[in-house]
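Shown next, in structure tokens, is the structure this report addresses.
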Amino acid sequence: MKIESEDDLAGMKAAGRVVRETLDAMRIAVEPGISTAQLDALAARVLRDRGARSAPRLVYDFPGETCICVNDEIVHGIPSPKRVLAEGDLVTLDVTVEKDGYMADAAITLPVGRVSARAARLVAATAQVLERALDEVRPGRRAFEVGRVIEREAGRHGLSPVRALQGHGIGRTIHEDPMMPNWADPEARDVLEDGLVLTVEPILSLGSGESYESNDGWTILAADGAWSAHFEHTLVVTKGRPILLTA
């Protein structure tokens, strides 16, 4: 969507604030021994208290309030009481909410207790790549130019973008145009415009970046078993630095 009024901007900011507060609550609770179902239940309480709803459940009937992935799970992990976090894991929390007709989306990857140096570098590098990509977001840029920065910066850290997954427009529903690839896809020629609302979300792998859908019909896994990290913000394109709605 494009921001067409002050009401639009206020609505998107409110949705983004709920995303941020939900992630903050979940982040504090991450520790060895907690299940992904417990983290999801915590998120559900935050959403309910703020008059918001899970957008993936609302739009796609996703079987959870949030998507939670561990280690080689890349996106769309289903929360489960059987999935218990252990020391050394990486966990990705992906929260998309609907509030008063507006939707916002963000993700973070966190270490569970003490992790390996390689896992810690993966998390730090992916967060840095997101920051670098945000510097490229401005009116007149094409989507592939942002993807080119992500791919280049990922390569400098020895990481691979997961090419099957990408950022996207957002606002009135979860996935809107334009698509925002995490690599220099020459077909991604949409021009970013002032007021456009979208997500930028590098998803970077220690391996090849190839992926497949698990037999649960939702979870996307690394084809080579490599771990990945995922950082995402919803933003508004402006003539200066973008407005980060979920920061």
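Residue positions begin at 1 at the first shown residue.
Positions of Cβ are set from backbone N, Cα and C atoms, glycine also.
Take the CB of HIS76 (substrate binding site) and look out to 10 A: across all protein chains shown you find 22 other CB atoms. Under DSSP, HIS76 (substrate binding site) is assigned to coil, being neither helix nor strand in the three-state scheme. Annotation source TrEMBL lists substrate binding site at HIS76, HIS175.
Reduced to three states, the DSSP call for GLU232 (divalent metal cation 1 binding site) is strand. Long-range Cβ neighbours of GLU232 (divalent metal cation 1 binding site) (same chain, at least 6 residues apart, Cβ-Cβ under 8 Å): ASP94, ASP105, ALA106, ALA107, ILE108, LEU130, GLY167, THR199, VAL200, GLU201, THR246. The divalent metal cation 1 binding site feature in TrEMBL is assigned to ASP94, ASP105, GLU232.
According to TrEMBL, the divalent metal cation 2 binding site annotation covers ASP105, HIS168, GLU201, GLU232. Classification of GLU201 (divalent metal cation 2 binding site) by DSSP places it in coil, neither helical nor stranded.
Taken from TrEMBL, the feature domain 'Peptidase M24' applies to 11-239.
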With an 8 Å cut-off on Cβ-Cβ distance and a minimum sequence separation of at least 6, pull the same-chain contacts of HIS168 (divalent metal cation 2 binding site), or say none. ILE174, HIS175, GLU176, ASP177, PRO178, MET179, MET180, LEU198, THR199
Among all the protein chains here, how many other CB atoms are within 10 A of the CB of GLU201 (divalent metal cation 2 binding site)? 25
Is it possible to get the count of other C-beta atoms within 10 angstroms of the C-beta of HIS175 (substrate binding site)? 17
Fewest-neighbour residue among binding-site residues, criterion Cβ within 10 Å, set ASP94, ASP105: ASP94
PLDDT averaged over the residues of the domain 'Peptidase M24' (11-239): 99
For the recorded divalent metal cation 1 site, whose residues are ASP94, ASP105, GLU232, find every other residue on that chain with a C-beta no more than 8 angstroms from the centre of their C-beta atoms, and list them by sequence position. VAL19, CYS67, VAL95, THR96, ALA106, ALA107, THR199, GLU201, HIS230, THR234
